[in-house]
Structure formats: C-alpha cells, structure tokens
C-alpha cells in the first residue's frame, strides 16, 4: 500500500505558499515546503507556485541552484504543477525581463495589449474554455469552470497542442492552462478559486497518488 503522497512545494521567496499547502493537505497529501534540490527530486510530485516578476524569480531559482532540479522533475514523468508565475517560468523567455526562463516548454511570455476599456492587469473570475477536456485537472469540475486570475503577462506556447484551457480578456484569447503528459501548469490561482480550486488541487493529488502506485508496482 502506498504511503501519503509527498509533494514538494518549491520555496524561492516568490509568493505565499500557505493556501496551496492547505489545499494539498485537504486532498490527503503531505506538502513539503522546500528549496532543497534533493527533496524536490525525491518527492512524489512537485508544485511550483509564484507571484511577482519574471527576472527576480529566475534569479532566486538560480541562487538556490534549483534550475537543473526543476528541469529534471518536470521532464521525468513525475507529476508537476505550476501556478501563475510558476507557469510562465516553464517557458523560454518573457517580455517582462531579460532573463531566460527554464525553457522546459517552447514559447514566450507576453504582456496584454492595451485596448479601449480593457483593464490591465486581468484580475478577477473568468470562465475557462477547455481545449483538452480530458485533462485530469478538469475532473469533477463540470464544463467550462470559473477560476480566479491576477496577471499582466500570459504565455504563448509555440506548440498549440500544449494549451489545455483558454480564457478571453477583452478581444485577446489567453492561455489559461497547459498540459503535456504529467506536466501541468495554470495561470489562475487555484488556492484563491474556492471550491473549483480545491477540486483542481485534489485532482493533482490524485494524479500524484496514481503515479506513486505505479512506481511501487
């Protein structure tokens, strides 16, 4: 019988981790807040959260020698979830700064274009348009669920098949989530998205537990 899923929550001083940890705990996981590469690589799953600016985030990851461990974790088949800035960092670069991103996924991060009547940042609840309806993150959420967003930049994947959900902000379609194998990432904040957010975190924990069972078997 597999033990409680251990999920490394990467701590690089770019956001409050408490709410996400509570959501993981509620779903039956043991979140481990850590900046230790060995702990990240040994965990059953990894959560990369983050709020703030792209360049300082990459600097913090580099200072903690987390670039290579995150590459390994995200490409190993281990369940991996990025949230908000944690989504953007997975890509190659951002209009917000000069630093290269992690480059795990192809594409760039760009700023919303100004248009009449459009409020930037995109802040508040928005309804997803699911591009990968069978993505495990959407289980038990119903069609086109609502989530809470706060962001000025968004990812533009070079491979359209990466996109798992979009939203509309003004006239601009926005990538709200990506999925490839067991690598998932979302622009919205599950930890601020009430029942839907808790369900999404529970879905991630379910995937971590399933992968853990496969490893044990």
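Cβ coordinates are placed from backbone N, Cα and C, and glycine is handled just like the others.
If you look up Swiss-Prot, you'll see 6-214 marked as domain 'Glutamine amidotransferase type-1'.
Non-local neighbourhood of residue 84 (active site, nucleophile): 15, 49, 50, 51, 150, 151, 186, 187, 188, 189, each in the same chain, at least six residues away, with C-beta under 8 Å from its C-beta. Summarising the annotation, Swiss-Prot assigns active site, nucleophile to 84 and lists sequence analysis as the type of evidence.
The active site annotation in Swiss-Prot covers 189 (among others). Every protein chain shown contributes to the tally, and the Cβ of residue 189 (active site) ends up with 20 other Cβ atoms within 10 Å.
Close to residue 191 (active site) in the fold, though at least 6 residues off in sequence, lie 19, 20, 22, 23, 83, 197, 201, each with a CB less than 8 Å from its CB. The active site feature in Swiss-Prot is assigned to 191 (among others).
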When pLDDT is averaged across the domain 'Glutamine amidotransferase type-1' (6-214), the result is 96
Per DSSP (helix/strand/coil reduction), residue 191 (active site) sits in helix
